[in-house]
Ligand SMILES: CC(=O)CC(=O)SCCNC(=O)CCNC(=O)[C@H](O)C(C)(C)COP(=O)(O)OP(=O)(O)OC[C@H]1O[C@@H](n2cnc3c(N)ncnc32)[C@H](O)[C@@H]1OP(=O)(O)O
Ligand SMILES: NC(=O)C1=CN([C@@H]2O[C@H](COP(=O)(O)OP(=O)(O)OC[C@H]3O[C@@H](n4cnc5c(N)ncnc54)[C@H](OP(=O)(O)O)[C@@H]3O)[C@@H](O)[C@H]2O)C=CC1
């Protein structure tokens with residue numbers, strides 16, 4: 001199947017990055033969000049991220065202009081109906097995602113492929129609530145989308161090979177690399193990465209180190225590009241907690257117990273960079289550790 005048009009649900013950090021790379025690869029993109037402000041902020045951010053790519057000779061000014069012209073925004077979810085491929089990138093909450101798919105279904109074309117950028121939630125369960133489980137799969141980008149090479153492709157139990165191949169072709173056209181993952185909680189990357197981040201929060205909670213010593217230990221001692229607490233702030237602490245809960249519930253093993261300190265930060269609304277405060281406070285010129 002030849003995909004030409006892509007509908008993206010959610011204009012947060014993942015939605016805007018997905019729109020960015022899809023438009024540069026030549027797809028016509030329609031992006032939706034419940035908030036007009038979020039859509040406008042996303043367009044501004046895509047524009048400045050592409051401008052940086054122009055200034056570093058990664059893309060031409062013409063390619064940027066063409067890509068920006070390919071991105072339409074709407075607060076009306078059903079405007080995505082005619083798209084060949086839908087990528088849902090709304091908040092990591094199963095009820096939110098289910099409601100989006102339920103509202104979209106009556107407006108889709110029969111051939112439309114439905115995907116979710118979920119970090120952890122069962123693709124099979126999301127698919128089972130739709131009219132097309134064979135045309136449903138996980139399309140999991142990494143953050144920041146324009147920079148990271150990997151896309152995890154996750155088949156649900158019913159996903160057919162035509163759907164998988166069509167999504168794999170999109171990944172190829174983006175110039176990214178696909179990794180196939182089976183549909184178990186948090187798939188591959190987050191099954192491994194998130195317990196490490198959660199352990200870093202336990203290390204902080206138990207006073208083994210402070211924010212700075214934990215992050216520099218992993219940056220300088222294990223050559224990670226970001227410390228685990230800095231990375232947690234970058235991903236979003238609400239998303240990290242949601243993934244840990246899916247691992248804990250889905251695998252029924254106490255080793256995935258979310259750290260109470262992570263829960264406390266989320267309860268405070270300190271979600272990381274997106275709310276200007278998490279393990280670091282981003283409101284000043286340079287990030288300041290909160291512990
Ligand atoms: C939670 C999930 O479900 C799954 C996940 O995504 S897990 C998270 C996965 N991501 C990671 O682990 C990211 C770890 N961090 C990194 O790799 C790096 O710190 C980083 C790539 C984010 C930044 O790298 P850096 O060297 O510190 O900074 P910087 O020099 O500013 O950026 C490197 C390049 O990325 C670009 N870049 C950085 N952030 C960007 C963004 N948001 N959008 C577009 N481009 C961006 C920069 O322009 C720069 O480009 P050039 O090479 O052309 O100069
Ligand atoms: N952050 C990361 O590093 C990664 C995240 N993911 C996954 O991508 C998805 C999005 O994450 P991320 O971009 O970080 O989250 P954000 O919180 O940055 O963005 C989510 C966006 O979805 C919007 N939204 C919420 N409900 C709806 C709805 N019903 N219809 C349309 N839009 C809606 C939110 O609006 P509002 O703010 O108004 O609620 C917000 O703008 C999640 O499933 C996450 O697990 C995948 C890979 C990496």
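A Cβ is built for glycine as well, from the same backbone N, Cα and C atoms used for every other residue.
According to TrEMBL, the protein carries these features:
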- 5-183: domain '3-hydroxyacyl-CoA dehydrogenase NAD binding' (DOMAIN)
- 10, 11, 12, 13, 14, 15, 33, 92, 97, 119, 143, 274: NAD(+) binding site (BINDING)
- 140: site 'Important for catalytic activity' (SITE)
- 187-282: domain '3-hydroxyacyl-CoA dehydrogenase C-terminal' (DOMAIN)
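Ranked by how many other Cβ atoms sit within 10 Å of their Cβ, the recorded positions 97, 140 place 97 at the bottom. Across the domain '3-hydroxyacyl-CoA dehydrogenase C-terminal' (187-282), DSSP classifies residues as 66 helix, 4 strand, 26 coil. In the structure shown, the C-beta of 10 has more C-beta neighbours within 10 angstroms than that of any other entry among the binding-site residues 10, 12. Screening the binding-site residues 10, 14, 33, 97, 143 for a C-beta under 6 A from any atom of ligand 1 leaves 143. Among the binding-site residues listed (14, 33, 97), 14, 33 have a CB atom closer than 6 Å to some atom of ligand 2, in sequence order. Cβ neighbour count for residue 33 (NAD(+) binding site): 24 (other Cβ atoms within 10 Å of its Cβ, all protein chains included). In this structure, the CA atom of residue 12 (NAD(+) binding site) is 15 Å away from the CA atom of residue 140 (site 'Important for catalytic activity'). All chains included, 16 other C-beta atoms sit within 10 angstroms of the C-beta of residue 143 (NAD(+) binding site). Confidence across the domain '3-hydroxyacyl-CoA dehydrogenase NAD binding' (5-183), taken as the mean pLDDT and rounded to a whole number, stands at 98. According to its DSSP assignment, residue 143 (NAD(+) binding site) is coil.
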